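Asker: The feature region 'Disordered' is assigned by TrEMBL to 1-84, 1037-1060. For 124-196, the entry in TrEMBL reads domain 'Cation-transporting P-type ATPase N-terminal'. TrEMBL lists 355-377, 389-411, 758-780, 786-805, 826-850, 870-890, 902-923, 935-955 with the feature transmembrane segment. Here TrEMBL flags 1046-1060 as compositional bias 'Low complexity'.
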Amino acid sequence: MSSNGETSRKPSEGLPTYSANEPSAVHHPLPAENVSTVENAPPPVNASPVENAPPAEKATAVENAPLTEKAQVSEKAVPPEIQEEKKKREYKEMGEEHQATHANVDMSQIQLRAEDLYDKEKVDLETITLEDVFQLLQCNENGLSSEEAHRRLELFGPNKLEDKAQNPILQFLSFMWNPLSWVMEAAAVVAIILSNGQGSPPDWEDFCGIILLLFLNSAIGFYEEHNAGNAVKALMEALAPRAKVKRDGQWTEIESAILVPGDMISFKIGDIVPADARLTEAINVSIDQAALTGESLPQSKKVGDQCFSGSTCKQGEAEGVVISTGANTFFGRAASLVGQDDDTTGHLQKILAQIGSFCLITIAIFVIAEIFVLYAGFRYQYRRGLNNILVLLIGGIPIAMPTVLSVTLAVGATQLAKYKAIVTRITAIEELAGVTILCSDKTGTLTTNKLTIDRDTIRTYSHFSPQEVIILAAYASRTENQDAIDMATVQALDDPTHARAGIKLLDFKPFNPVDKRTEITYRDEATGQLKRVTKGMTGIIIEHCTRNKTEELEERLEQDVEEYAARGLRALAVAYEELPGDDPAAEGYGFELVGLLAIFDPPREDTKQTIDDAVALGVKVKMATGDQLAIAKETGRRLGLGDHMYPAKVLKEGPPPGSKHANIDEMILDADGFAGVFPEHKYEIVKRLQALGHLVAMTGDGANDAPALSRANVGIAVEGATDAARGAADIVLTEPGLSTIVHAIRQSRIIFQRMRNYAIYACAVTIRIVVAFAVLAFTYKFDFPPFMILVIALLNDGTIMTLSLDRVLPSNTPDAWDLAEIFSYAIAYGIFLTASTVALIVIIVETTFFQDRFGVQLSNPGRVDRNDPQLHMIAYLQVAIISQALIFVTRAHGFFFMERPSMALLLAFCVAQLISSIIAAYGDWGFSQIHSISGGWIGIIWVWNIIWFVPLDWIKFAMRATIIRHLRERRLRKQRAGPPLERTVSRVTSIHESLYSNRTSFIRNKMRKLGFKNKVAMKPEELTRFSSMQTQQVGQTLARHPSRPAPIGGAPLAGPSTVV
């Protein structure tokens, strides 16, 4: 901050700089040594004292004076008339000054507690004088002590709205609360209660086995999801907003969450205001609070004005005293009055429910059939028939499905974090895999977010070379507290530290909204000559160029500017003059225009390749930028994205006359991007693309992007996004660039393939267990022991859990759950595996093939008992081996041996089969009606399974060439005819969590349906609640309820709660 109160200019989209390193010589008349810096510059010669101003003007002058000047004034006694003038101004919003109710309040009667401070019937901290604010908050401009701040933190609570953490026991038990678990729990009840009869005790073995199976699945799911939640929480906490605060008389930086009323805070251009505050010092401050108050343009602020938490400082620097935090801020009170969101079932939950329904229907059909056949036909006793039904219930239910998919997603979230993508809604991974269109911001995502001088397009109008024009422009730039233009100009030097080389700075005038230019007066150390350089808007600079301005020069300049504009480049004019004598305030000989610089935001180095990669993955990238149409087209051409860009107004007005597009939808699909985009345009683009059947990902960085991020199937908050954008997004990026998103898409498809492979496997195993043992029961009255089905399920679960780490190939097209395809594969595999089991039992029962060829025997050498315990063991080992082996077929696109599985999966399979073989060799459990078999039988079963395993790949290929091909063609025809199946809408968190809470609480707080978190969809009337009109309504609501304070501790106000 310079001593003359220089104004900070709003940079274009907050763009930093880019360094150009082209070597070039420095020619006369430019010096080459650094003699002095800006810090040594004297104050402006035209500075005038504040004390001599009239009283009414003096108050305003004091507030708008530089920090150093105000400090001097504050040391003197402020006349009563200034205090009165200030008080009148600060009461102006409350009606007539003489009717201001708070003027007569006895401040000593108001306690330092939320009940008093935030009861507007007693006092309004937003409008009373600063002196009263300090008195009420019992603080001063030196800030609070650490001890006092800690005491107030306990009194008022943290500067955020906390969510109630879910009980971990309930979170653990929630894994047992889904339809698949209900069936297993019903089976447990059958085993312990309904089986107790006919002189037999309850089936404790089966009961304990079922409970153990449920417990293990829940424990694994809870552990993995808890770990993923902690990892995401740690990453999000690293992104927690921070604030500059004065504690113990020293300025320090702390987390915004521990700010308390009475703290002195400081913020500058680009900072987010961390809490509601009253300004005590302000220099050319402009605050953007559109997302809170509905004011579309940044608002100028002066001493005494209030700044709302969550607003952004667009210009200047300020200090203020915190008056409210957390739930007591304007934003916190608005959050409690806006309303609550409804829970809706997410896309993955729906898929899981349909897969579960398929399994349950299959089981139900055969259970009913067994009831009729076994009881009515075979006249089974009650207990015997019940055991057969338990086999179908336990073996047919893919009890591990919710846990496996949850673990796969949780592990996937951890893997995505390695690619700098923090997943805040775990099921967003599945939707990201199916994204067909990615709507991306330009600035910082497609481009570097660093304004750069385009050295190849520099225009010169005098004897100066392009390199000398850059050096002169750098002279006329600040070296500290730079805005984007100054930073780009200085960085264009071969060595940015030479921005003051060879000159002694005498006077500097920074950019301000009135003059629209910067100006430096300096002494050339080499010659001693006084010189002056100015840079700024072309129209302003050319008016000052009295020395070489001609009609021909003006026409040439205009042509160059138009050429720049057509290419989306911004023009920066540079002029130079020499001064007579030794007076830096003297008039010069007249400026002459020396050059024109082109400024642009260059594409990131990896963006073009990344876009090509996205297209290869079947994802169409569309640019949505707030920049002008020409800039959008130029960026699109440089990136290879295309130049079919349209102004955002066409979203409302429709295609222009003569357009090739019949309607807006066709135009949106054809467009490569849109320019002049506001948040409402982003929302409209997403909504229309979804209506056309696309899964859409949308990037955003501001609070006003929240509706679009919420509406998108996958909302992505880019690196450096505001808390509001992070809160509304499903994925938060911690690294700039589009490549991070494309990496996340590719990784999400790997995760999706793991889930799809398991879904096919689980459905196939359900069919093979249910159909095989039902057929054997109908054919041979084969009574397989339920306990052995539990053993198979336990060993299967241990192996299948490693699928979350399996090595699979991502698809080259967006993924989608085609349940008809999954069920078709499952039925084909299931029937084939059923045939393998039934054929083995038939051969053993009906023939002596194995006994004759291999010399093996069962316990009964004569006719085989159809319920021989050894025959049960043979069936157990055959089912256990080939069922698990199926996963190697479902996980591979081609032959199973062509795609190497992960070592974890391979090792788990080997261990499980070793255990199964050991059980077969040594298991002699009378309670389960099984008996060990010889090594010969174990070898026969292994060979038998290998023979039946080989054709599984050919079944896969045959299915793909016939039924699956037909299903895919039918799906394509439906897609061409109209929108496909309904897509889910990505949820948005509550309005207060959007600003203050990290989204990891979502993982902890939501009870899941079918093992997953619910998504929250905004009500239609709330979709625009971040827009100006809606926030104005919120403000009006607050005005109607001025006396509703928040409870102590920062809890939300009473009223409609917000669901997260």
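For all residues, glycine too, the Cβ spot is worked out from N, Cα and C.
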Asker: State the residues, same chain only, that lie 6 or more residues beyond the ends of the transmembrane segment (902-923) and have a CB under 8 A from a CB inside it; answer 'none' if no residue qualifies.
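Answerer: Residues 791, 795-796, 798-799, 801-803, 805-807, 873, 876-877, 880-881, 884-885, 887-888, 930-933, 935, 937-938, 941 contact the transmembrane segment (902-923) from elsewhere in the chain.
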Asker: Does the transmembrane segment (786-805) come near the transmembrane segment (870-890), with 3+ Cβ pairs under 8 Å (pairs 6 or more apart)?
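Answerer: Result for the transmembrane segment (786-805) with the transmembrane segment (870-890) is yes.
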Asker: Which stretch, 355-377, 389-411, 758-780, 870-890, tops the Cβ pairs under 8 Å count with the transmembrane segment (826-850)?
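Answerer: Looking at each of 355-377, 389-411, 758-780, 870-890 in turn, the most contacts to the transmembrane segment (826-850) are made by 758-780.
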Asker: The transmembrane segment (389-411): which same-chain residues, six or more beyond its ends, come within Cβ distance under 8 Å?
Answerer: 175, 178, 180-181, 183-184, 186-187, 190-191, 195, 203, 206, 210, 213-214, 217-218, 220-221, 224-225, 227-229, 348, 352, 355-356, 359-360, 362-363, 366-367, 370-371, 426-427, 429-430, 751, 754-755, 758-759, 762-763, 765-766, 769-770, 773-774, 784-786, 789-790, 792-793, 796-797, 800-801, 803-805, 1008, 1010-1012
Asker: So, by DSSP, how many helix, strand and coil residues make up the domain 'Cation-transporting P-type ATPase N-terminal' (124-196)?
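Answerer: Reading the DSSP string over the domain 'Cation-transporting P-type ATPase N-terminal' (124-196) gives 44 helix, 1 strand, 28 coil.
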Asker: Could you tell me the mean pLDDT the prediction assigns to the domain 'Cation-transporting P-type ATPase N-terminal' (124-196)?
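Answerer: That stretch averages a pLDDT of 80.
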